[in-house]
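Peer 1: As annotated by TrEMBL, domain 'ABC transmembrane type-1' applies to A:95-284. Marked as transmembrane segment by TrEMBL: A:32-53, A:97-118, A:130-153, A:159-177, A:216-241, A:261-284.
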Amino acid sequence: MTSRSLTPDADAGMAGDSLGREAWRRLKQNKAAMASLWLLATITLVCVAGPWLTPWGLADVDWNAFGVAPTLDGGHWLGTDANGRDLLTRTLYGGRVSLSVALVATLVSLAIGVLYGAVSGYLGGRVDNLMMRFVDIMYSLPFMFLVILLMVVFGRNILLIYAAIGAVEWLDMARIVRGQTLALKRREFIEAAHALGVKDRKIVTRHLIPNAIGPVIVYVTLTVPKVILLESFLSFLGLGVQEPLTSWGVLISEGTDMMQTAPWMLLVPSVFLALTLFCLNFLGDGLRDALDPKTR
Amino acid sequence: MLSYSLKRLLQAIPTMLIVITIAFFLMRVAPGGPFDGERALPPEIEANLMAAYHLDEPLPQQYLRYLGNLLQGDFGPSFKYKDFSVTELILQGFPVSLEIGGLAILLALALGLPLGIAAALNRNSAIDYAVMGTALAGIAVPNFVVAPLLALVFGVLLGWLPAGGWNDGALPNLVLPVVALSIQQIAYIARMMRASMIEVLGSHYIRTARAKGLSERLVVWRHAIRPALLPVVSYLGPAIAGIITGSVVIEQIFGIPGIGRYFVQGALNRDYTLVMGTVVFYGALIVLLNLVVDLLYSALDPQIRYDD
Amino acid sequence: MRKTRLFAGGLLLASTCLSSSAFAETLDIGVTGELASFDTSQVSGGIWESQILMDVYEGLVKKSPDGELLPGMAESWEISEDGLTYTFHLREDAAWSDGEPVTAEDFVFGWRHLLDPANASKYAYMLYPVAGAEAVNTGEQPPEALGVASLDDGRTFQVTLDAPTPYFLQQLTHYTAYPAPKHTHEQYGDDWVKLDHIVTNGAFTPVKWVSQSHIDVRPNPEYYDAEDVTLDGVTYHTIEDRNAGVSRFRAGELDIMREYSSSMYGLLKDELPEATHMSTYLGSYYYAFNHREGHPTTDPRVREALNLAARRNVISEQIMGGTFQPALSFVPDGIAHYDVQEMALEGDMDARLARARELLEAAGYGPDNPLHLRLRYNTTDEHKKIAVAMAAMWRPLGVEVEMINAEATVHYQTIAEGDFDIARAGWIADYNDAENFLSLLHTGVGNNYGAYSNPDYDALLDQAADTLDLDERQQLLEQAEALALEDDALIPMLYYVSRNLVNTRLAGWEDNIEDDHPSRWVHFAD
């Protein structure tokens, strides 16, 4: 198990460029992943271009259509909400918020969590102990007050809220990556790299993290729905999006209240969310295979 | 191992002290107070309330008072639920949350792990797609949708099970909340188990084991499952702490008298003593469970050692 | 409900039957929150709390099923001519659930307990009409200074007021005016309220409390009308999620659910027309204008324009599905001794909008200088829908509305500090009197969120407070409200309605304007 894992890094000079190209080539061969990628791109594009696609604005009220079911004539293809606003339009706008929350928060949690966990696990001993106690502390703090405080200090800034969510979600990621690192670092290929005098920094970034990529990618795909729904709780507190702007999480929780009387209000945003998650999942699996150093 | 555990437990003291300190001041600088409500209180009555709960003292003094009481095991009175102390509320509610949460975790493990393993062993087959499709649906539908839906279908429309209520923990009352709580966990565990199984099955030593001519069954059971459990276990530590301390959504929808609601309601009501009680309790669980996880690592992978 | 209902899931059957006694006719009531305490001085003010407390305690007077005042612990009373002294004669057979008689001493003790600053009662101000009450509550005077006395060896309770208070008898039905058992206080100290020691003087007495789940009460054998009480007990289920309450009612687990959400009304009306109750209620849903310096809402033209453009019937009918009533007054329709004072909004909607545009233009707002308003509301689905609708109604006038939602504690703290242009608020009457609403617009009152201040208005209210003649007082109060509406002091928007689900097998449950339903009147009809 040593030699193969070591070789790509023995000539690390050319790795950066060809690694990406190689992975991309392999990803392209995965049909499910590519279909997901295209669908995800389409959803994103539709959400971004939303305002020009529907005849209604975000806050436009159709005074003749309060809570009407989806219909082809009348212009509300996916129905209206209780306030007479076009649900398709609002779902598309909501997608902008939710997709960007998911993107920013996931990236933040990925960046902090993976590096933190890998360093902690690799260095081990007292450093690991200290770093993990800090994680314990972060876990234990009441999230709601943490976010409120951030808002008090920095003002009502939507980007900051995204970052706050990411700053909480990285904890699980750090614990998982650290666990993987603890197991990996005793393997021969890491010890061999160590013996060869490869720098710690390089061992972490070139050997440990790529070998922990599988669980990381899966956990990322699990983080996305969590983050999107967490945002709706923050909106409840008045810390997320404010009316008339909305998000998928907010639309879904509003729809739950109307579940029995106007099911489309729950179904429409839920379908968008579910589709996105399915795509992310298949794309994640494809990426994992493409990036896996063992199968390279 | 024993000395390591003892050392970790000793470290819990400074960890908890830091948690308590940060949480105490964090909560007190947040806007809103325990007596802000739909009706503004006349100033003289607000003054009486502040005095009764020592909120008129300087913050550091209140902090020391709190620590002092905590050392004597006194979490203080709840601001909102006046006939109970915070200790009583947690002691009364935790067994309930533990029962529901514990059952949910057992169910999640009992279903999630085999499903994940089966999907990994039959990768890209119909089984795989069926399991992962279902799991994704479980992840995509939040519990605040699942719970009322279950109550509606099985409680109202079919009438098979109670739509809510605790009824001192009678079995029929347990079913829906446990199912609602576990659906997402089943999906999480199945997803993670599948991925890490695939990872392990592709690794060199499994290939080596296969090359040695070991039967597939032996390879899977002896060599693959244990290391594959590692990321699941990492996830489970904090996840279990979260689940056995209850879920506000499940408790409110099914009328379960657990402690999950105190985490959210306590915070929304600015019930300072109750919030601190939940923070201390939850923090202790986190510390404990993460220790258990670290010990489990060595059991799953003997190469993992904690030398100091 | 009969708890003998069988669940179809076969293997689950056994355990269910074991846990329920076969023919118990207990009443299962879903209440929307958790009781704070059986000590009436510690109650947090949720409307669900009075349901439980009025079942286990009884004041000097009590309420009939339709909300009329009846003699309670007092069988008769006299009011002095100046309206300042009330003398109550307690009934001979008034008793606590341990058999001890209820005496005037218990009232004296209970009221002093409520006003003792050390007990920090939130609702102590309800007894402020009593002489010396405020001084006792602020600690300036000892509890003995309170204007209450036990006479005739405890058979007569006398109260002295600071000013004639026509609604005082009404107030006595509120839990702040209940007696407290002096003998168990003396015996057990602070532990008197623990279920092991608690005694109550109402039709029921508590026997079990699982926090956040339910409270069980049993009939009080010592209650003077114990023979009339046919229920075996009442169970109050804490149900914070209103849709869950509806599900549990539909599943037959509850006999009464004390609230349902507006979004479920249409479905319930169709499915359970007999069980779905909706009735006039003494509650007002309004938007407060900020009258403090520096807010655009200080301009009366702006306030009038915003009031003109509000289409209340669209909100109540289209958006809330009929679960609110459109309101043109602050004091809700149905208050005793009061004729509703509606604000004059002349013309049809087009005319009103045209007038609103003129007013805004006159106030200096237009396309180049749009009116920007910050509208605050506390987060619930209903408040959100209403805020969105209001913003949409003002948008055609060129008004830009910035909606800001927050959790309740933050919302009320923020609006009490005056950080808003328009704020959502509501008021549910504590007692059936217009003064209860109108005092919210008096200068310097804590609940006057918008800080409306009009010396003429204050003078009318002060004058009414000293007026004994009910008709004369009514006129003064009506004049005051008319003045405030003329000023566009606020946006009266909706009247609350009471919404209950009630098992059709129940008799003795009547809709009433205060939505009070003592369980002692309720029984199963078959």
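Cβ atoms are placed via backbone N, Cα and C, with glycine included.
How buried are the listed features, and what sits near them?
Peer 2: Sequence-distant contacts of the transmembrane segment (A:32-53) (same chain, six or more residues past either end, CB-CB distance under 8 Å): 89, 92-93, 95-96, 99, 272, 275-276, 278-283, 285-287, 290.
Residues 116, 119-120, 160-161, 164, 168, 171, 174-175, 178, 234, 237, 239 of the same chain, all 6+ positions outside the transmembrane segment (A:130-153), place their C-beta atoms under 8 angstroms from a C-beta of that stretch.
Through the fold, the transmembrane segment (A:159-177) approaches residues 100-101, 104-114, 116-118, 120-121, 132, 135, 138-139, 143, 146-147, 150-151, 209, 212, 215-216, 219-220, 223, 226-227, 230-231, 234, 239-240 of its own chain, all at least 6 residues removed from its boundaries and within a Cβ separation under 8 Å.
Remote same-chain residues near the transmembrane segment (A:216-241) are listed as 97-98, 101-102, 105-106, 109-110, 114, 144, 147-148, 151, 156, 158, 161, 165-166, 169, 172-173, 176-177, 209, 247-250, 252-253, 273, 276-277, 280-281, 284-285, 287-288, 291 (criterion: CB distance under 8 Å, separation of at least six residues from the stretch ends).
Here the transmembrane segment (A:261-284) has long-range neighbours at 32-33, 35-37, 39-40, 43, 67, 69-70, 78-79, 81-82, 87-88, 91, 94-95, 98-99, 217-218, 220-221, 224-225, 228, 248, 251-252, 254-255, meaning same-chain residues at least 6 beyond its ends whose C-beta is under 8 angstroms from one of its own.
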